[in-house]
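Undergrad: Quick paste from Swiss-Prot:
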- 29-49: transmembrane segment (TRANSMEM)
- 62-82: transmembrane segment (TRANSMEM)
- 94-114: transmembrane segment (TRANSMEM)
- 127-147: transmembrane segment (TRANSMEM)
- 166-186: transmembrane segment (TRANSMEM)
- 202-222: transmembrane segment (TRANSMEM)
- 239-257: transmembrane segment (TRANSMEM)
- 264-286: transmembrane segment (TRANSMEM)
- 293-313: transmembrane segment (TRANSMEM)
- 339-359: transmembrane segment (TRANSMEM)
Amino acid sequence: MNTWFLNVVDPLHQWFLGFGDIGVVLWTVLKILMIAIPLIVSVAFYVVWERKLIGWMHVRHGPMYVGMGLFQAFADVFKLLFKEVLYPSKAHKAIFVIAPLLTLAPSFAAWAVVPFDTKLVLSNANVGLLYLLAMTSLGVYGIILAGWASNSKYAFLGAMRSAAQVVSYEIAMGFALVGVMIAAGSLNLSQIVMAQAGSSGFFDWFLIPLFPLFIVYWVSGVAETNRSPFDVVEGESEIVAGHMVEYSGSVFALFFLAEYANMILVSFLISIFFLGGWLSPIQGWVSGQVSPLIDWVWNGGWPWLLLKVLFFASAYIWFRASFPRYRYDQIMRLGWKVFIPLTIVWIAVTALMVFSGVIQKGV
């Protein structure tokens with residue numbers, strides 16, 4: 001178990017419980033803030049990292065001012081906050097405002113069941129996988145409402161594209177997670193991680209036996225977040241900004257925040273489901289206690305999870321800088337004719353591997 005959790009968080013939890021029901025409520029609010037605030041800050045620095053990384057790929061410098069580029073995202077946030085929120089004359093104002101909130105709320109609520117280390121999770125729900133599928137499916141309703149309430153042909157076309165794309169790839173993602181559930185024997189995300197523990201390091205991870213499902217989930221995750229090369233929802237050369245074309249100021253920033261929060265979420269989930277979460281790739285190869293500062297290298301811990309997340313978050317940026325946008329019909333064909341049949345076949349293969357003992361559950 002994480003030493004930091006035992007020494008700091010657990011005594012703090014017990015102190016809050018001493019205040020009875022009020023303490024339970026305050027502890028829950030504190031845990032929510034401990035996830036929400038770092039997530040918002042992470043989105044800000046993720047935007048800076050995206051601009052710098054794309055700049056390097058284009059042989060440019062990227063952001064260089066406002067704290068040498070480090071605080072450029074915060075400057076952009078303040079700029080958006082002070083901009084006027086304009087409402088189209090024929091828009092449905094109530095739904096126009098609710099839509100970005102409906103998109104943002106599920107992207108934050110999904111983090112409730114995401115574990116960062118052993119017991120370091122807001123809600124260690126036994127049906128965490130189902131909860132995640134439900135939350136990640138709700139965001140599209142905000143996009144549809146935004147397209148409809150804007151009373152714009154461009155916005156409505158982007159919303160319809162988003163609805164079809166999310167429905168298409170949500171099925172493939174769900175089937176991919178069925179394979180993970182079969183291999184782990186649990187819907188609890190912490191137990192899914194521990195099912196990949198063992199003495200063989202990364203050879204015990206689900207990445208190897210479930211590699212086709214890993215590819216399907218990763219590509220579907222990119223499509224779910226409407227990122228390049230699946231960004232037909234907001235294709236600049238076709239429909240300007242899609243469902244966001246009529247938004248400005250702070251309400252536009254909410255869509256922006258939801259998109260990047262979802263990108264970070266998908267990076268976390270793919271690390272948890274297929275790459276052992278916080279487990280070390282050399283776990284079981286080396287043992288012993290040297291120093292708490294370096295023991296995580298072979299024993300595992302949240303730094304490993306963050307390193308894996310950083311890799312996938314950077315891959316999002318690489319996709320944007322490298323690949324051209326797919327046509328709408330190509331995206332639909334990939335989802336329905338390739339990914340869904342592939343996941344169905346590999347679910348059966350996974351069941352056979354579990355039955356025959358090829359996939360062994362960890363500790």
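Cβ atoms here come from the backbone N, Cα and C positions, even for glycine.
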Undergrad: Please figure out which one of 29-49, 239-257, 339-359 racks up the most CB pairs under 8 Å against the transmembrane segment (202-222).
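TA: Of the candidates 29-49, 239-257, 339-359, 339-359 scores highest.
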Undergrad: Counting only residues 6+ away from its ends, which parts of the chain sit with a Cβ under 8 Å from the transmembrane segment (166-186)?
TA: 126, 129, 133, 136-137, 139-140, 192, 195-196, 206, 209-210, 213-214, 216-217, 220-221, 223-224, 273-274, 331-332, 335-336, 339-340, 343-344, 346-347, 350-351, 353-354, 359, 361
Undergrad: Are there 3 or more C-beta pairs under 8 Å linking the transmembrane segment (239-257) with the transmembrane segment (94-114), counting only pairs at least 6 apart in sequence?
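TA: In contact, yes.
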